[in-house]
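These notes concern the structure reproduced below.
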Amino acid sequence: MNPYVVPGLVVVVLVTVGIGVYGLRFARTTSDFLVASRSVSPAWNAAAISGEYLSAASFLGVAGLVLRYGVDVLWYPVGFAAGYLALLLFVAAPLRRSGAFTLPDFCQVRLGSLTLRRLASIFVVFIGCLYLVPQLQGAGLTFTTVTGGSYVWGALLVGVVVTANVALGGMRAITFVQAFQYWLKLTALAVPVIFLVLQWQSDGRPAVTPTVFPTATTVTVEQDAIIAGTPVQKGQILSYEAGDEVPPVSTVDSTFGTDWLQPSGNSTLFATYSLILATFLGTMGLPHVLVRFYTNPDGASARRTTLVVLGLVGLFYLLPTLYGVLGRIYTPQLLMTGRTDAVVLLLPEAALGGGHLGRLLAALVTAGALAAFLSTSSGLLTSVAGVVFTDVLHGGRAGSVRDFRLATVLAAVVPILLSIYASNMDVSRVVGLAFAVAASSFCPLLVLGIWWRRLTDVGAIAGILIGGGASMAAVLITVLGPPLHGWFAEFIGEPAAWTVPLAFFVMVTGSLLTGRRVPPDVGATMLRLHAPESLRVS
Amino acid sequence: MAPDDETPRRTRVVLGEVAARSRPADLTRTDLAEQTPVGEALVKGLMRAQLALALRLALVVVIALGALPLLFVAAPGVAEFKIFGIYLPWLLLGVAAFPFLLVVGWAYVRWAERNEQDFIAVIRRPER
């Protein structure tokens, strides 16, 4: 095993806990815990938002997907970044001005309905868990890949560190932790990629297609499959020479040749547009993203912060693509084993050899992966705990710090247990589904709530129940149900293309039918959402 | 913070013309706060301007990025175009999309702030 990995991981955990404890010295009131007393500067805030956002799916998953499917999946990083543009255009400044800390708060401010608030809380917890479980699973899988230890320990370790950090330091502390982790994640991908590209140059720029083994490789078959048309049995050992073409394996879904290099035809057009819709519109509905906007001092700075985030996130997403492409050259055996998510972790040693440089860079990348799990799960946990704190424990703003800690532990237990018992759920797919649910429940609520005066509580509830409920059902069928086939599978597996319009349609129709229920103070609310703070009159 | 917190000060009665120049600022603020038709119309105007701006820029992104999958299907030749030895779709989606999004975001922030400044100007000096 790589001797640098364990010290690297220990340093990341120690620095995370250290900054958390340092933040604890300043965290005195419940307000400090929840919103950092609204005194975080835009630069810190933007780095923190980016650090929180770039999860296991971005750090490991995107490169793995590119390795497998090629140009078609570049829509994932583009969509993950473009989500912030949609957030900036339609939501950022008015949401900050609404003074809402969580999505349920926004429901209360805008429509004053307790039922809607409860419904929103359920969706926040559902989306939060849906997003938290794969983070912990990713942590477990990384732990297994790098150390050879057990999956359960990896998931538990990250779960406990995150819970302790959020419960002890709260938001103030994790703002600094998240900002640190953004720069760590960027460094962890950017520094190795320089060496990787130099190595590729000195190797005489090997071509990406056709996909060949760079060195002689032996593969042990772990389950019955059909490799290049020939059936193989479990336990069989296959040897390949350097320069042999990597054969397609029936149990691993991947593309080769021009399918990988070129955008695929109209067969996947529905899935592509569904993915675009889910990622573009889903970001604004993710619970841990919205919480951050409350830490901006005013609406204009919320907008500027979002713009900086767009830049930071876009900068980061230039890198995973390179890992996916270089992985095609240096670690093609992953296409046979199917563990493509490990490409970022394995590439430095595969390309640069097992010397000190390769091992050091591998340790750096692993530390970055750990930062990805820690930061996203911290943010998710804070927001889910915030909702549990205010809406389940009825703590309200005057609740005690002890109650917030209790809420954190409560919010952490279920996802940690789920991640241990549901270890075979597909990581990147579940993250995409979380975006679909967010896009078809909270996106219409936020956009219509901010820009349309005639939205009513009944319309909003109906829209969330039908649009969000449909996507939630599609997620549960995809994750728990039997494998589906044909157009129906695409329909259920990528639900956003029909659930998002459905949610908007139901919300608008429902509001128009119950026009008498438009809140009487909607004018005052709209003034508060849209007028610059310098004109605050009330 | 709010002007009506203070005890009303004694005001000097002056020529109507001068009064008309100094008071409407407060009146417009009051229009805003008390949701008079004038205040409501002002806020609606601001919302319409901001929404129109957001929708226009969103349309730019939808046309520029959203049309790409269709374009690659409709005209496969475009996808085989190479720049510096790299296929065009890889360059567009892997590199160019991010600065493009950033530029659109930058333009939005600039124009949205200008809309707000116009709004403030209307409130502060309505007589101009």
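The backbone N, Cα and C atoms fix where each Cβ goes, and this holds for glycine too.
Quick caveat, the model's predicted, so the values are computed rather than measured.
Under the heading transmembrane segment, TrEMBL lists A:6-24 (among others).
The transmembrane segment feature in TrEMBL is assigned to A:44-67 (among others).
The transmembrane segment feature in TrEMBL is assigned to A:73-95 (among others). For the transmembrane segment (A:73-95), the residues of the chain that approach it from at least six positions outside its boundaries are 53, 58, 61-62, 65-66, 106, 272, 275-276, 278-284, 289-290, 293, 299-300, 302-303, 305-307, 309-310, 313-314, 317, 320-321, 428, 432, 435, 446-447, 450-451, 529-530, judged by C-beta separation under 8 angstroms.
Proximity of distant same-chain residues to the transmembrane segment (A:116-133), defined by a Cβ-Cβ separation under 8 Å and at least 6 residues beyond the stretch ends, is recorded for 55, 102-104, 106-108, 285-288, 376-377, 380-381, 383-384, 387-388, 391-392, 411, 414-415, 418-419, 422, 425, 430-431, 433-434, 437-438, 441-442, 445, 457, 460-461, 464-465, 468, 472, 475. The transmembrane segment annotation in TrEMBL covers A:116-133 (among others).
The transmembrane segment annotation in TrEMBL covers A:153-170 (among others). Residues 13, 16-17, 20-21, 23-24, 27, 32-34, 135-137, 139-144, 147, 177, 370, 373-374, 377-378, 381-382, 385, 401, 404-405, 408-409, 412, 415-416, 419-420 of the same chain sit 6 or more residues outside the transmembrane segment (A:153-170) yet have a Cβ under 8 Å from a Cβ within it.
Feature annotation from TrEMBL assigns transmembrane segment to A:182-200 (among others).
If you look up TrEMBL, you'll see A:306-326 (among others) marked as transmembrane segment.
If you look up TrEMBL, you'll see A:360-392 (among others) marked as transmembrane segment. Sequence-distant contacts of the transmembrane segment (A:360-392), counting only residues of its own chain at least 6 positions beyond either end whose CB sits under 8 Å from a CB of the stretch, comprise 2, 4-5, 7-9, 11-13, 16, 34, 51-56, 58-60, 101-102, 104-105, 117-118, 121, 124-125, 128-129, 131-132, 135-136, 138-139, 142, 146, 158-159, 161-163, 165-166, 170-171, 174, 177-178, 181-182, 184-185, 187-189, 191-192, 195, 287-288, 290-292, 344-349, 352, 399, 403-404, 407-408, 410-412.
Panel annotation: around the transmembrane segment (A:404-424), residues 30, 33-34, 125, 128-129, 132-134, 136-137, 140, 151-152, 155-156, 159, 162-163, 166-168, 170, 381-382, 384-386, 388-389, 392-393, 395 of the same chain, lying at least six beyond its termini, place a Cβ under 8 Å from a Cβ of the stretch. Per TrEMBL, the feature transmembrane segment maps to A:404-424 (among others).
The transmembrane segment annotation in TrEMBL covers A:430-451 (among others).
Residues or ranges marked as transmembrane segment by TrEMBL: A:458-484 (among others).
Under 8 Å from some Cβ of the transmembrane segment (A:496-514) lie the Cβ atoms of residues 270, 273-275, 277-278, 281-282, 435-436, 439-441, 443-445, 448, 452, 454-456, 458-464, 466-468, 470-471, 474, all in the same chain and six or more residues away from its ends. The transmembrane segment annotation in TrEMBL covers A:496-514 (among others).
Taking pairs at least six residues apart, the transmembrane segment (A:44-67) and the transmembrane segment (A:458-484) share fewer than three Cβ pairs below 8 Å and do not count as touching.
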